[in-house]
Amino acid sequence: MSQLLTARQAEELHKSIIAYLASVNLTESSAALRAELGDSVSIDDATLKKYEGLLEKKWTSVVRLQKKIMDLESRCAALQSELDSATPTSLLRKNQDPTSWLPRSPARHILEGHRNPVTCVAFHPVFSSLASGSDDTTIKIWDWELGELERTVKGHTKAVLDVDYGGPRGGTLLASCSSDLTIKLWDPSDNYKNIRTLPGHDHSVSSVRFIPSGAAGSPMSGNLLVSASRDKTLRIWDVTTGYCVKTLSGHVDWVRAVAPSIDGRFLLAAGDDRIPRLWDLSSAETKSTFLGHEHVIECVAIAPAASYPHLAVLSGLKKPPPASSSAEFFATGSRDKTIRLWDSRGNLIKTLVGHDNWVRALAFHPGGKHLLSVADDKTIRCWDLTQECKCVRVISDAHGHFVTCLRWAPPLIKDGGANGEAETNGTPAATSTTNGVRPDPNVATKISIRCVIATGSVDQKVRIFAT
């Protein structure tokens, strides 16, 4: 003991032990220790009172420190792994290539204002506006660049479950859906006035997405919206009239998530029946089903064409599908804690294991090389499709509670002007799953990836991760 502690430390330890023994009524043990220590320790009632509880505090402090050390060691190992997987070029590159950018802690902004869990987020396709929905029944509009609240949108009477920007070109709308069985359309250009309410579902509306131009060959496809519901159906709406133009039935339980293909021809939907379905909108029939998940499916994502070369290698194809094709590869996330990658024929390509709780949202990197996921384990994970889907980054402190949603800011298209100079027209790129509009083939275009993601959580906060 003398080799480890100074004389003063040893004396304090002895006093703490004596005080502890006295506090738990081990008087004989306390007296025996005092007698054995003799005059080396002077202790009276006041000293006993002073040192009472000190030993327990020291003990719990040690336990807390051990946990912090373990957390730091885990974080250090993750950073070392990230460093090992980085190339010398990427380490030296000051302005990182946006096609390989990945989010990292800390978040640029933490947006606070909701009074209940945040359930959904969506980026405006042009401006620096972000919409978030919550169990508190409100939608909040933020300036994600400044980290400031712009307005609170009220109208739903129960939890807001999903939001999405889209609609006709030049007339962007915000759609929201809720446990109150309705879908609402809001006009951002008119102070987010509620311009239409779409009733029709018989239960909670879980997900809503605008369908990109070209859906089913319809000239009015830019006006189409798809919704998924606990009533087991998908509904297609014309936002200009408010009419439901098609109902897709086939799921046998709650449909929780839906994603349209970039050309609007297909829909991927999944939910409590654990069977994702790829729907052909022109025929309103299921094209493929995907079997493998062992629990409720919370989220789905359709891979962009930029991911085809990497996913083709994983699936064993000699060459990737043409970039002009859509709905070739998919990702699904489940309460079974796994992410599964599929091809359009329903074949399982890869199972991604790493999350310790329900997987809640997915987003393919617009650059095509990565897939991002969030889960109830409070983490964001980045999977590298070029490295057998290795998890190359974990943001373990993404939120203080379950992470419920994730969205990537849609890329922008820059159209070449008459003089050949690129001019940003504010059109979301064709690689975006939000209001994806195909660029004019007669005009030179350049896709500009925005390195920004947003996440929401049960901790009632929205976090912005950006360059």
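Note that Cβ sites are derived from N, Cα and C of the backbone, with glycine treated the same way.
In Swiss-Prot this protein carries:
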DOMAIN    9-41  domain 'LisH'
REPEAT    113-154  repeat 'WD 1'
REPEAT    156-196  repeat 'WD 2'
REPEAT    200-247  repeat 'WD 3'
REPEAT    250-289  repeat 'WD 4'
REPEAT    354-393  repeat 'WD 6'
REPEAT    429-466  repeat 'WD 8'
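Sorting each residue of the domain 'LisH' (9-41) by its DSSP state yields 29 helix, 0 strand, 4 coil. Mean per-residue pLDDT, taken over the repeat 'WD 6' (354-393), amounts to 98. Per DSSP, the repeat 'WD 4' (250-289) is made up of 0 helix, 21 strand, 19 coil. For the repeat 'WD 3' (200-247), the DSSP-based tally of helix, strand and coil residues reads 6 helix, 23 strand, 19 coil. For the repeat 'WD 1' (113-154), the number of residues in each DSSP class (helix H, G, I; strand E, B; coil) is 0 helix, 23 strand, 19 coil.
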